[in-house]
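So the structure is just underneath, and the comments pick up after that.
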Amino acid sequence: MQSIPIKNVGESRLVDPFQRQYYYLRLSITDQCNFRCTYCLPDGYQPEANKPSFLTLKEITHLAQAFAEMGTEKIRLTGGEPTLRKDFISIAESITNIDGIRQLAVTTNGYRMAKDVADWKQAGITSINVSVDSLDPKMFHQITGINKFDDVMRGIDRAFEVGYNKVKVNSVLMKNLNDKEFEQFLAWVKDRPIQMRFIELMQTGEMDSFFDKFHLSGQVLADKLLKNGWTLQHKSHTDGPAKVFTHSDYTGEIGLIMPYEKNFCASCNRLRVSAKGKLHLCLFGEEGIELRDLLQSHEQQGILQARIFAALQGKREHHYLHIGDTGVRNHLASIGG
């Protein structure tokens, strides 16, 4: 475990040595997932024996309060599949009630969405990202290992019914698997308020051969969009890494997440905390800085904030994916991708 010196940061905001400000926390609340996606957990979730349990509701609340006081405005609940937690609604309600948190998002596989999305809305979830890697039910099954395409589609429709104005849909771009569906995805968002986001396949320790076989640059899609009249939009300070394109003939939008692009890290605005309480400065970075020992009481909050601030001063200017350095992560489910 990396040790971090303690000092009093007072009212310091989350700013790194490169003057990037961090308004956005991606908080994993479980490693567990009920899908077996080929690019993430192809063998399914494998619980680790004798490992610490996931953060409790109380610990999550202390953590979110500390980040909010340091300037965090947006928290995204991730996993694993975050909605598998029995106290998911309680977690959402607790974070919603914290001063300074303006947006509470969730990334989900959509498995429980049709049944539960009204409760998510009531609990304060302001935006939803759903994973849909194919619009072909057979290909969806092949990629996810689960035959639940129709359920996920019903969940997206239900989200609009209960009052969400937009749903973001994530698709991991894979050569010769779903890249041929680009036109189909465009047609799908033509009259729907969906931001369809294509995420470049990312290399991790366990997936080198899979990456070599299926990686496709998102620039291929960017070139198609620009050629066909789509316009790149400006980001707000709490937006994620996607480049978002709009077109006057389309209700929906297209987002591209291209981590291998030059200067991808220049606009980084997010930090990550794992389901077991480690702070990660980068998706492709270090083993993590322990925070859980300082999540046991409100009286520890000043020391907790000092540790977070000190850790941030060691954040690198950029990742090293371009030279094959994927960090220590075997797969991305462990810190919420």
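Cβ from N, Cα, C; glycine included.
What Swiss-Prot records for the S-adenosyl-L-methionine site is G80, S131, M202, and among Y39, Y250 the residue it adds there is Y39. GTP binding, as stated in Swiss-Prot, involves R26, T107, K168, R270, L271, R272; the candidate among R76, R192, R307 given for that site is R76. Cα proximity to C33 ([4Fe-4S] cluster 1 binding site) (within 10 Å) is found for none of the binding-site residues Y39, R76, S131, C268, C282. If you check the binding-site residues T107, L271, R272 against C282 ([4Fe-4S] cluster 2 binding site), the ones with a Cα inside 10 Å of its Cα are L271, R272. The separation of R26 (GTP binding site) from C268 ([4Fe-4S] cluster 2 binding site), Cα to Cα, is 12 Å. For K168 (GTP binding site), the binding-site residues whose C-alpha atoms fall inside a 10 Å radius of its own C-alpha are S131, out of Y39, G80, S131, M202, C265. Taken residue by residue with DSSP, T107 (GTP binding site) is part of a strand. For R26 (GTP binding site), the spatially nearest entry among the binding-site residues C37, Y39, G80, M202, C265 is G80, judged by CA separation.
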